[in-house]
Amino acid sequence: MDQDSHCTAERELLEAVSRITTSSTTSPSDEEENQPKAEILCQVRKENPEKDDMQDSSATLSPNSSMTTKELQEYWRNEKSRCKQIKLLFEIPSTRIVEHHLSKYVMYKIIILQTGSFDSNKSVIERRYSDFERLHRNLLEEFSEEMEDVTFPKKTLTGNFTEEIINERKLAFKDYLRLLYSMKYIRRSKKFIDFLTRPELQEAYGCLRGGQYTKALEILLEVIGLQERLTRGNPVSVVPTLCAIVVCHKDLENPASAFEYGEKALSRLCVHTSHRYYIPLLETMITLAYELGKDFLSLQEKLEEWKTKKDPIRVFTLKELAVREYVK
């Protein structure tokens, strides 16, 4: 391609980017308003696959970009790969029979890992038949139409502890979770996410309230990775867990680690300053920054800015908020 043709092609690409940027006047749906920009772009791609490259560039590029055509194409490819949805795989490799007082039940070990690459941060949880049964009942109440073709293994009067029945249920529950996760509205639902994370979070917060910070931190660090993968469309939902980790690290006198997780939590609240955790987190971060010799003036400015815009109200400390989570 000669130089004039190359320049013409590049100019046409940039003009197309400009047209997309200036012509996007359609109001987003309620669901899109609650999604991060990357997820919205991914949704647009599915609806208009022929506009993938142009949609990518409209997020940050201007018509005056000095990129070459090759660089633009590479940029679009990178942006597209960043938007790919994380897909999870569910495996149930083993079980164990638990006898507790007068009850006896089977615990199913569930391994949750990311597909497409080696996952060193896989999550491992255990659930019993009644947990699955409760999930199914709750989902039927909210998603009756989506669940009409989803089968659930029925409980038998006898033989529940035979190897044959247990193996059948292992396969059935694996397929059941895979099918639920394949349905967008179900995998994003609080009921599905609670099934996979709530028991561990309840245990962790119980340890936190009892002053067992090391044990609480151990559980929270195991849960947070899975929580983040399950709630990519709603990053604010993991703020309480991140803040609980901050509290644990702070009480264990690990200020650097506490500050690190505090920054992660603050980044999710940058446009949610009315969130109940925002001010307690800011106050804690100011204390940590001062202790670590970091810049705390910018944090102090944010705090003062918030106070000038809001009426003075009683604000709990970060620890007070954390101990109130998952109280039955």
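Just so you know, glycine gets a Cβ as well, placed from its N, Cα and C.
A quick note: this is a predicted structure, and the numbers were derived from the prediction, not measured.
In TrEMBL this protein carries:
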COMPBIAS  1-14  compositional bias 'Basic and acidic residues'
COMPBIAS  44-54  compositional bias 'Basic and acidic residues'
COMPBIAS  56-69  compositional bias 'Polar residues'
DOMAIN    86-203  domain 'PX'
REGION    1-69  region 'Disordered'
Structural state census, the domain 'PX' (86-203) (DSSP three-state):
52 helix, 31 strand, 35 coil
Average model confidence [pLDDT] within the domain 'PX' (86-203):
92
